[in-house]
Amino acid sequence: MVGRRALIVLAHSERTSFNYAMKEAAAAALKKKGWEVVESDLYAMNFNPIISRKDITGKLKDPANFQYPAESVLAYKEGHLSPDIVAEQKKLEAADLVIFQFPLQWFGVPAILKGWFERVFIGEFAYTYAAMYDKGPFRSKKAVLSITTGGSGSMYSLQGIHGDMNVILWPIQSGILHFCGFQVLEPQLTYSIGHTPADARIQILEGWKKRLENIWDETPLYFAPSSLFDLNFQAGFLMKKEVQDEEKNKKFGLSVGHHLGKSIPTDNQIKARK
């Protein structure tokens, strides 16, 4: 894929981990296909995940009543964000594809990655209320989550004790990535890695590399288009009445989050529509 650039964000502390092996496999596979690959190994970088006044290098607008969202937006516009944030934003700006490699921790992303999102995805850079979801700043970019779990796949099924993996993925894939415009590709889910034998691990790595050969051509996951909603505060950003009427008699809702009180479409956050 000549001319394409990928950013791999790794959130695991150990170089001997399977997450690190997945990151290495991804980098090798993409480079083999002609991609330029940049990495953010958050633990190796000792990335600071805590938002604070220190993220702004210039003069604060209201130091007596510090409000991070407002101050960080102003700092972004004026070029006064801390250098570590700016460096990550530049990586994002240059990337066509972003891969997030991490172990599922407490049904979400590791704290260091959550902090990366909070500090790097600054308002006006990553989102605005005038331009969000499929109109967001990153709408020309694609993203994929590559996740390992401790539990088995059955534990994250409809009948499993942990509940439906689609529901777990929604806040990350819709609430963070698609909110900023990303076209989100099917997640790479590696279940129960701690109980997976060596030969099976090799097969997983090879399958991951094979997938990455043509990942740019994959169909993204489905999210309800922003055109289905009245995008203003007066209307409450609610789904348009005519859309609600049209969907009323359908068996399934539109997505995990927009289920409209009906059954959730099967694997809405795991498989793309065919």
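Placement of Cβ uses the backbone N, Cα and C atoms for every residue, glycine included.
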Where does the SUMO2 cross-link label fall among Lys59, Lys251, Lys262, going by Swiss-Prot?
-> Lys251
Report which of Lys54, Lys250 appears in Swiss-Prot with the annotation SUMO2 cross-link.
-> Lys250
Taking the Cβ of Thr148 (FAD binding site) as the reference point, list residues of the same chain whose Cβ is under 8 angstroms away and which are at least six residues distant in sequence.
-> Phe18, Asn19, Met22, Phe102, Pro103, Leu104, Thr190, Tyr191, Ile193
Across His12, Lys250, Lys251, listed as recorded positions, the smallest other-CB tally within 10 A is for Lys251
Looking at the binding-site residues Trp106, Tyr127, Tyr156, the one with the fewest other Cβ atoms inside 10 Å is Trp106
Between His12 (FAD binding site) and Lys250 (SUMO2 cross-link), find the distance joining the two CA atoms and give it rounded to the nearest Å.
-> 43
Secondary structure split (DSSP) over the region 'Important for apoenzyme conformational stability' (225-274) reads 10 helix, 4 strand, 36 coil
Mean of the pLDDT scores, which run from 0 to 100, over the region 'Important for apoenzyme conformational stability' (225-274) = 90
